[in-house]
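Only one structure is covered here, and it is reproduced in the block below.
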Amino acid sequence: MSMSSLKVLKYVVFFFNLLFWVCGCTILGFGIYFLIKNSFGSLFYSLPSLTLGNVVIIVGSIIMVIAFLGCMGSIKENKCLLMSFFILLLFILLMEVIMAILLFAYEQKIDHYVANDLSQSIQRYKSDNNTKMAWDEIQQHLECCGVNSTSDWKGHLPESCPKDPKTQGCYAKAKLWFQSNFLYIGILIISVCVIQVLGMSFALTLNCQIEKNSQSLGI
């Protein structure tokens, strides 16, 4: 590969990671917004820190760090940074595959855990303001009531519940939404994996070419 081709590849990798870094910043911003604006973590008493905001902040931060390594490694032609970028992307890709396998393998246990935590949170509706706000927001947004049905409230229904007594439970309705949008979610996940593989391929190719040019120049 000529020096001009190497330069083109270097800037392709740089701009690819710059876009990746901007996406990370955007995701981090959404995470901070979710952390400030919602209190859904109070619905899961056993894992209160596992909220949408916290998860999105962690994902955004990781993307920013990885993209920064890719940008600096490509623009500086630093083989160590490029290989760190490649290894981190490979590690994340493997973790995504493992998580997907575990989700399918333990789907019923996860269902039971989530439903159980939601049922327990109903008991704290009147005593905890964050739990009350979270349930009211979910029931108004999804037009649902309770975990599985209106009977979960065992008495007077909250004002956020729809008036129809045959209203579906929030957990059942959320699962129905997920199933109806499974194709789009799958396409999104596959797209993310393809982007990761492209990033790894670019980084590995650039690293190999830098190594070849260094050897040809006797460095």
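Each Cβ is built from the backbone N, Cα and C atoms, and glycine gets one as well.
TrEMBL lists a disulfide bond between C161 and one candidate from C145, C170; that candidate is C145.
Listed in sequence order, the residues of the same chain lying 6 or more apart from C145 (disulfide bond) and placing their CB within less than 8 Å of its CB are Q139, D152, W153, L157, P158, C161, P162, T167, Q168, G169, C170. In this structure, C161 is the one among the disulfide-bonded residues C144, C161 with the smallest number of other Cβ atoms inside 10 Å of its Cβ. Within 10 Å of the C-beta of C170 (disulfide bond) we count 24 further C-beta atoms, all protein chains included.
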